[in-house]
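Dumping what Swiss-Prot says about this protein:
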- 7-27: transmembrane segment (TRANSMEM)
- 85-105: transmembrane segment (TRANSMEM)
- 145-165: transmembrane segment (TRANSMEM)
- K202, K685: substrate binding site (BINDING)
- D205, D209: Mg(2+) 1 binding site (BINDING)
- D235, D459: Mg(2+) 2 binding site (BINDING)
- D239: site 'Important for ion transport' (SITE)
- D246: site 'Important for ion transport' (SITE)
- 251-271: transmembrane segment (TRANSMEM)
- 274-294: transmembrane segment (TRANSMEM)
- 311-331: transmembrane segment (TRANSMEM)
- 343-363: transmembrane segment (TRANSMEM)
- 431-451: transmembrane segment (TRANSMEM)
- K489: site 'Determinant of potassium independence' (SITE)
- 495-515: transmembrane segment (TRANSMEM)
- 602-622: transmembrane segment (TRANSMEM)
- 624-644: transmembrane segment (TRANSMEM)
- D652, D678, D682: Ca(2+) binding site (BINDING)
- D686: site 'Important for ion transport' (SITE)
- 690-710: transmembrane segment (TRANSMEM)
- K697: site 'Important for ion transport' (SITE)
Amino acid sequence: MGAYLTLIYGVIVIAALVIIGLIKFIFAQDKGNEKMQQISDAIKEGAMAFLNRQYKTIASLALIVAVIIVVANYYGHLSEGSSQALSFALHVGFAFITGAFCSALSGYIGMYMAVNSNIRAAAGARSGLNRALQIALKGGAVTGLAVTALSLFGVATLFLAYGGLSGQDELIKEAPSLIVGFGFGASFVALFAQLGGGIYTKAADVGADLVGKVEAGIPEDDPRNPAVIADLVGDNVGDCAGRGADLFESTAAENIGAMILGVGLYPIFGWKGILFPLVARAIGIIASIIGIFFVNTKDESKDPMIALNKGYFVTTVVNLIALFFAVKVMLSGHLPDGRPVNYLLLYGAVVTGVILSYIFVFLTDYYTSVNKRPVQEIAKASTTGAATNIITGTSVGMESTALPVIFISAAIYIAYKLGEMAIPHIGTAGLYGTAIATMGMLSTTAYILAMDTFGPITDNAGGITEMSGAPEEIRRVTDRLDACGNTTKALTKGYAIGSAALATFLLFSAYLDEVKKILGKPIDSWFPVDIGKPEVFIGAFIGAMIVYLFSSTAIRAVGKAAQYVILEVRRQFREIPGIMEGTAKPDYARAVDIVTKGALKEMVIPGLIVVVTPILVGVILGKEAAAAFLMIGTISGVILALYLNNGGGAWDNAKKFIELGNYGGKGSDAHKASVVGDTVGDPFKDTAGPSLHVLIKLISTITLVFVALFR
């Protein structure tokens, strides 16, 4: 085990050193003129103020939940003896606090780097496209590497502390079950970070657009708009802090779920089957570092997306090569009858996961790109009014769920069968195959997250150049990067929901394993869920309902918070003379403060609904009903998230397609109709949709933590 631990912690150290180097590179860059710095400072101040207040709210809720976890697990394990029950409960409670802290820290790092990179990317645009591209991507890379390294460090350290280093088989096998609290803590913070950030960003965006662009007739990012700084702050709190916590949770949950499944194969692989997910994560970090340094564009006229795709391709190739050797060395055990495990089939599961990630990126691009049929259909429908825009956009969103579901299903089936063929006649072999496929898909997480954070950095850079009155040639550079950033944000949402779907299949399987352990059944036996029982049917019904109820409250929260912003912007236009003439400065801080309070107030109820419901289902209706709740909740959540993400993205880009000069261009009736569709789609793609990625993993980790209480 020593050599593998050296590899894991060695990679964490390398990631830390690279992060330090990237931070030094970014902070050494020029910060532009005084006006640019003033705008950047206002964005930074607003973003960090929101994050600090949000984390105070989350921390108070997390402490209450930690106490409930300890008490629930103590009483749930009392049959094993008082001292053993207390030890188990404290281990799970501490893991929850650790996961919550690491998730919050990853969000903080993402936010801090974004608000310090945006001004430097804007200033770098004066030296050309490549300089600005390098600054923005490396700012995003700090987030990507920090999130994945923190996740790896947290899971690995807890595993070792909870028995992984003991040398005793029973303690090593028990350790993954004790660290499920880490996944729940990560999920808990991620839900509120994504939800609160999503409400903030869309409330500010909708408020700024409706009063600024529609009522006052001023352009986007115009310094006369009192909500413009709040809008730029929103780009960071939703896409940096929120997505950072989301993918931190995905990697942590996938690692823990795969480690629990590895316990079932202990007679064949020993501790290597449990440790393999951590080694795979370490390999992914190194591959992402290599890919990041391959990104550059010597030809300034080329689409910067080509350079980013090159880095993604390099990351994938390095991953595939390194994971082949990892599978060969770690998963080449022997079956009970003496035959060797076919590691090539297990490697096939890795390739399946990698291919699925590419397919998801391609499908998301197809349904949200201005160059493709779906978006152009919505743009054409806008020529006959807002109603036909909404009807066509809804249709596109619904259509966009079909192919992703088919490919997810195919990937799960193929990976499951490859696992069964590689390790025949072992009950959990197929599930381990799907775990390996999930590792393949998530192996590029650090690079994907770098691309995602690249989006808000370039968006802010464009806003800063616009508000500071920078020359037209600099704005052209930042506009090209901003367009590229919009693409990366859309693509990473597709990647996030695909990885969430695979990760939750693992967690569902891990839940069934935990139930078998509690019932004293062999780990390779079956836990039957009788769909004919009314409790099971009711649990499934509630699982489907909770997804829609949560989305409803999240979307409504955006509407309520946006009303606060709209009223404030109207008040300032009315009461502060000279704003429209440019002779008086709007009160940006007031608008930021109002949307901050509104977002934090509105995020609590949707979040609590998700946390409480699965516990009540398990306690009142039982373990089988909780399993049905998980399965149907996951299926409904994935499909609805695809609809919301892709539908919202398509509405957004239909507006951009018209703004390029099609169907009358800006100011035309078609453009006005497309603005309505874009406004409807905003809370879909940036609030409810991304929050569902977290929800489907959260309900799985909650049931894992509280399963001992279920009847």
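Along the chain as shown, residues are numbered 1 onward.
Backbone N, Cα and C atoms are what each Cβ position is placed from, and that goes for glycine too.
Can you tell me where each of these features sits in the structure?
K685 (substrate binding site) carries a helical DSSP state (H, G or I).
Around the Cβ of D209 (Mg(2+) 1 binding site), a 10 Å sphere holds 21 further Cβ atoms from the protein chains shown.
For the recorded site, D235 (Mg(2+) 2 binding site), the DSSP three-state label reads helix. Sequence-distant contacts of D235 (Mg(2+) 2 binding site), defined as residues of its own chain at least six apart whose C-beta falls under 8 angstroms from its C-beta, comprise T201, G455, P456, D459, N460.
Sequence-distant contacts (6 or more apart, same chain, Cβ under 8 Å) of D239 (site 'Important for ion transport') comprise G197, T201, D452, T453, G455, P456, K489, D686.
The number of other Cβ atoms within 10 Å of the Cβ belonging to D246 (site 'Important for ion transport'), over all protein chains shown, comes to 32. In the three-state DSSP assignment, the secondary structure recorded for D246 (site 'Important for ion transport') is helix.
Tertiary neighbourhood of the transmembrane segment (251-271): same-chain residues 1, 99, 102-103, 147-148, 151-152, 154-155, 159, 164, 169, 172-173, 176-177, 179-180, 182-183, 186-187, 277-278, 281, 330-331, 333-336, 341, 423, 426-429, 431-432, 435-436, 438-439, 442, 445, 499, 502-504, 506-507, 509-510, 513-514, 523-524, 697, 700-701, selected by CB-CB distance under 8 Å and a gap of 6+ residues from either end.
If you look at the transmembrane segment (274-294), the same-chain residues 6 or more away from its ends with a CB under 8 A from one of its CBs are 1, 4, 7-8, 11-12, 14-15, 18, 137-138, 141, 144-145, 148-149, 151-152, 155-156, 159, 164, 172-173, 175-176, 251, 254-255, 258-259, 262-263, 266, 310-316, 318-319, 322-323, 326-327, 330-331, 435-436, 439, 442-447, 450.
Same-chain neighbours of the transmembrane segment (311-331): 4, 137, 269, 272-273, 275-276, 279-280, 283-284, 286-288, 290-292, 294-295, 341, 343, 346-347, 350-351, 354, 358, 436, 439-440, 443-444, 447-448, 451, counting only residues six or more beyond its ends whose CB sits under 8 Å from a CB of the stretch.
The list of residues near the transmembrane segment (343-363) in space but at least 6 beyond its ends in sequence, with Cβ under 8 angstroms from a Cβ of it, reads 316, 319-320, 323-324, 327-328, 331-332, 400, 403-404, 407-408, 411, 414-415, 418-419, 421-422, 433-434, 436-444, 491, 494-495, 497-499, 502.
Taken residue by residue with DSSP, K489 (site 'Determinant of potassium independence') is part of a helix.
Counting residues 6+ beyond its ends, the transmembrane segment (495-515) has Cβ neighbours under 8 Å at 177, 180, 183, 243, 246-247, 250, 253-254, 256-258, 260-261, 263-264, 353, 356-357, 360-361, 364, 404, 408, 411-412, 428, 431, 434-435, 437-438, 441-442, 445, 448, 523, 527, 623, 626-627, 630-631, 634, 638, 641-642, 645, 689-690, 692-694, 696-697, 700-701, 703-704, 707 in the same chain.
Beyond the transmembrane segment (602-622), the same-chain residues lying 6 or more positions past its ends with a Cβ under 8 Å from any Cβ of the stretch are 57, 61, 65, 188, 191-192, 195-196, 199, 535-536, 538-539, 542-543, 546, 549-550, 553-554, 557-558, 560-561, 629-630, 633, 691, 695, 698-699, 702-703, 706-707, 709-711.
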Please report, as numbers and ranges, the same-chain residues at least 6 past the borders of the transmembrane segment (145-165) whose CB is under 8 Å from any CB of it.
1, 5, 8-9, 11-12, 15-16, 18-19, 22, 91, 95, 98-99, 102, 105-106, 109-110, 171-172, 174-176, 178-179, 182, 186, 244, 247-248, 251-252, 255-256, 259, 271, 274-275, 278, 281-282, 284-285, 288-289, 445-446, 449-450
Among the recorded positions D459, D652, D678, D682, D686, point out the residue whose Cβ has the most other Cβ atoms within 10 Å, with all shown protein chains included in the count.
D686
For the transmembrane segment (85-105), could you work out the same-chain residues 6 or more beyond its ends whose Cβ comes under 8 Å from its Cβ atoms?
55, 58-59, 62, 65-67, 69-78, 150-151, 153-154, 158, 162, 178-190, 193, 245, 248-249, 252, 705
Would you mind reading off the Cα separation of D652 (Ca(2+) binding site) from K685 (substrate binding site), to the nearest angstrom?
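Each residue's Cα considered, D652 (Ca(2+) binding site) and K685 (substrate binding site) end up 9 Å apart.
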How long is the line from the C-alpha of K202 (substrate binding site) to the C-alpha of D209 (Mg(2+) 1 binding site), rounded to the nearest angstrom?
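Between the Cα atoms of K202 (substrate binding site) and D209 (Mg(2+) 1 binding site), the distance comes to 10 Å.
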Which has the fewest other CB atoms in a 10 Å radius around its CB: K685, K697, the listed recorded positions?
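Lowest Cβ count within 10 Å among the recorded positions (K685, K697) is K685.
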